[in-house]
Amino acid sequence: MMTITTSNLGFPRLGRKREWKKAIESYWAQRISLDELHEQLNALHKENLLLQKHYHLDSIPVGDFSLYDHVLDTSLLFNIIPERFQGRPVDTDLLFDIARGNKEHVASALIKWFNTNYHYIVPEWDNVEPQVTHNTLLERYEFAQSLNVEAHPVILGPITFVALSKGGTQSFEEKVETLLPLYRQVLTELVEAGASYIQIDEPILVTDDSAKYEAITKRAYDDFAEAGLGDKLVIQTYFERANIEFLNTLPVKGYGLDFVHDNGYNLAQIQSGYLDKEKAIYAGIIDGRNVWTADLEDKKHLIETLLDYTDELVIQPSSSLLHVPVSLDDEQLEEAIVEGLSFATEKLDELDALKRLFNDNDADKFNTLQARYERFNQQDFKNAEYDFDAVRTTRQSPFETRRVAQQEHLQLPDLPTTTIGSFPQSTEVRKQRADWKNQRISDTEYRTFLEQEIARWIRIQEDIGLDVFVHGEFERNDMVEYFGERLQGFLVTKYGWVQSYGSRAVKPPIIYGDVKWTEPITVAETKYAQSLTAHPVKGMLTGPVTILNWSFERVDIPRSRVQDQIALAINEEVLALEEAGIRIIQVDEPALREGLPLRSEYHEDYLQKAVHSFRLATSSVADATQIHTHMCYSQFGQIIHAIRELDADVISIETSRSHGDLIKDFEDITYDLGIGLGVYDIHSPRIPTESEITSAITRALQNIDRSLFWVNPDCGLKTRKEEEVKDALSVLVEAVRHLREDNLEETS
Ligand code: GLN
Ligand code: ZN
């Protein structure tokens, strides 16, 4: 019987209680020195390594731990420094400045890491002088050795690194060629230091256009093999299937493949005989991106199958565990639910259970974990029946009819003005919320505070002269967590943080069971706000697609089912708001576009299901109730048809940072529903001038019917200061007032 070994691709940096974030932010705030920062981070890195060792992994990754982002680490390793930051020593301060910007220079761009909610710092190639500055990876590797940790270095591969970068005049191939000797140097030093293998991450090879990278990939890995590195390299892919027939032509030790998110294609290719038996398979069999205990029985069969096709099988998570929280140990949750959960360390325990089963014929841990898995899946909270067909997915009348019914009582002026929902989350707002959560103030005291804040902002909106008001969302910590805490089927953990970008972490709610609405969530605040003004107040909700995308989703039933369950819950809330007399209801879907699957062959299906859920959530209202939606991005191109199919009466979208793109999208389709293009960038504290706003509006009106056009900022205003908000919105209202006057003159 062949034995198997276990490995890991990456561990969460954050620490059990976000120690990583705290250390880094303390340094930024100058509360600790650089030496103290390094001391604290080394301690955390050590803890991470020893924690993994505890689960008997045969190899533990190093190089995954970072001060900010692993892509940025790679840029620094090879001296790919943005031009504006060049000429300084390559050190920790430079790293933070590139990531965050400083007084003189803007930060490098942040982009979503494939289809995850992690964001990396985009490498910039303009006028760079690539060279190995300092082999930090070697340092980390030696650190692991000093702790007696059996480790393998992890490095982002040259093809993916170049594919994720921008700038420079060289071709893709030239950039890779430039890097090859540098990679060779770093890799050779690691091998000389004793690394038995190096995990070289090339996730770009799972994307739509992976074929176009094949020639240069072959060139790069042939080059490494010539330097004698071939039998030390494992090309690691994840998040989707790879072209195994192609990978097999590369002279390397083995391949890391994702057997969880590949729709079955990786296994099918192996069974078709595309892989030579002497190549090692680093099989990603435990979901690295979700929080559920694995069906170990199922994994056992997968391992048995794979053993027929390789002489060396290593089992590991499907991707880095960067995308899940560290451990369940510190949570206080119901046992019936805990049984179904698995964070980073629990996943490593699952690997250990499988290894014991195969290598030592020891089924104890395997059986215990499998029993837990099975109990969890039989729970009542996971097996409810829903009547999805009983809820409308089409409004009663077409837009043209609805529009008349809505205008009859909304009586909106030419170019109506509004905001996206949130007003500043001031220190006071956050303090009151924390005090209430920690029971330092009573429900009544908290409610009174919220009402005062709402009333104050209703007056501010009156003074500024906006048309459609909002209550301000002061009660919400986060647009998804807030609903997660109030819907059945969601679990909000205490320490379930995952890194989003830099020191910013999010705590996605966990959808562990059937989702149900039990009582009104937003009605009290909205109704109160409406009682203070004659202007319409918009009810503000988060849509089903966004709630699902920003949560840990169930995988025991189809994703679209979960999304529709959430949609039914939101529909109840929509109806409760309507019942309470709210005439405009906004259902935000900022995550709709970013949830697009990695491969385009799945896009249409995703979009159709998103449209279906949104319509399930919003179609039951009367014609006279106006449904809004909001999205904070503007590259609509490929999804604009789906946006139209949402059939929202009004959509507000971000445009100020990429106005040109958006206008172009609108040349290809005539958008014939209400639309508000953000007329200023809320991400900057700068107050826009009237002429900037006016020209943004007039440019948009070249492509959009004036009677459909709304004027609003790009996104919610919660991160801005009160004075900034008042000033910017006053300019916006003033610009609209002048445009209205001009229009009257022209038409009279
Ligand atoms: N209504 C939300 C707000 O204004 C929308 C946030 C978002 O688009 N991400 O804060
Ligand atoms: Zn937004």
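Backbone N, Cα and C atoms are what each Cβ position is placed from, and that goes for glycine too.
Bear in mind that TrEMBL entries carry predicted annotations, made automatically and left uncurated.
Here is what TrEMBL records for this protein:
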type    : residues                               : note
DOMAIN  : 6-308                                  : domain 'Cobalamin-independent methionine synthase MetE N-terminal'
BINDING : LYS21, ASN117, TRP550                  : 5-methyltetrahydropteroyltri-L-glutamate binding site
DOMAIN  : 415-736                                : domain 'Cobalamin-independent methionine synthase MetE C-terminal/archaeal'
BINDING : ILE420, GLY421, SER422, GLU473, ASP588 : L-methionine binding site
BINDING : ILE420, GLY421, SER422, ASP588         : L-homocysteine binding site
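Cα-Cα distance from LYS21 (5-methyltetrahydropteroyltri-L-glutamate binding site) to GLU473 (L-methionine binding site): 26 Å (rounded to the nearest whole number). Candidate binding-site residues: LYS21, ASN117, ILE420, TRP550. Those with a Cβ under 6 Å from ligand 1, in sequence order, are ILE420. In three-state terms derived from DSSP, ILE420 (L-methionine binding site) belongs to neither a helical nor a strand segment and is classed as coil.
ASN117 (5-methyltetrahydropteroyltri-L-glutamate binding site) falls outside any helix or strand according to DSSP and counts as coil. In sequence order, GLY421, SER422, PHE423, MET479, MET540, GLY716, LYS718 are the residues near GLU473 (L-methionine binding site), counting only same-chain partners six or more apart with C-beta under 8 A. Site extent for L-homocysteine: among the recorded binding residues ILE420, GLY421, SER422, ASP588, the largest C-alpha separation is 12 Å.
Confidence annotation: the domain 'Cobalamin-independent methionine synthase MetE N-terminal' (6-308) carries a mean pLDDT of 97 in the model. Residue pair ILE420 (L-methionine binding site) / ASN117 (5-methyltetrahydropteroyltri-L-glutamate binding site) shows a Cα separation of 22 Å.
Taking every pair among LYS21, ASN117, TRP550, the residues recorded as binding 5-methyltetrahydropteroyltri-L-glutamate, the greatest CA to CA distance is 20 Å.
Just so you know, the Cβ of ILE420 (L-methionine binding site) picks up 27 other Cβ atoms within 10 Å once every protein chain is counted. Cβ-based neighbour count (10 Å, all protein chains) for ASN117 (5-methyltetrahydropteroyltri-L-glutamate binding site) stands at 19. Between ASP588 (L-methionine binding site) and TRP550 (5-methyltetrahydropteroyltri-L-glutamate binding site), the C-alpha separation comes to 13 Å. According to its DSSP assignment, GLU473 (L-methionine binding site) is coil.
All protein chains included, TRP550 (5-methyltetrahydropteroyltri-L-glutamate binding site) registers 23 other Cβ atoms within 10 Å of its own Cβ. Listed in chain order, the extra residues whose Cβ falls within 8 Å of the Cβ center of the L-homocysteine site residues ILE420, GLY421, SER422, ASP588 are THR419, VAL470, GLU473, MET479, MET540, GLN586, HIS630, CYS715, GLY716, LYS718.
There are 25 other Cβ atoms within 10 Å of the Cβ belonging to GLY421 (L-methionine binding site).
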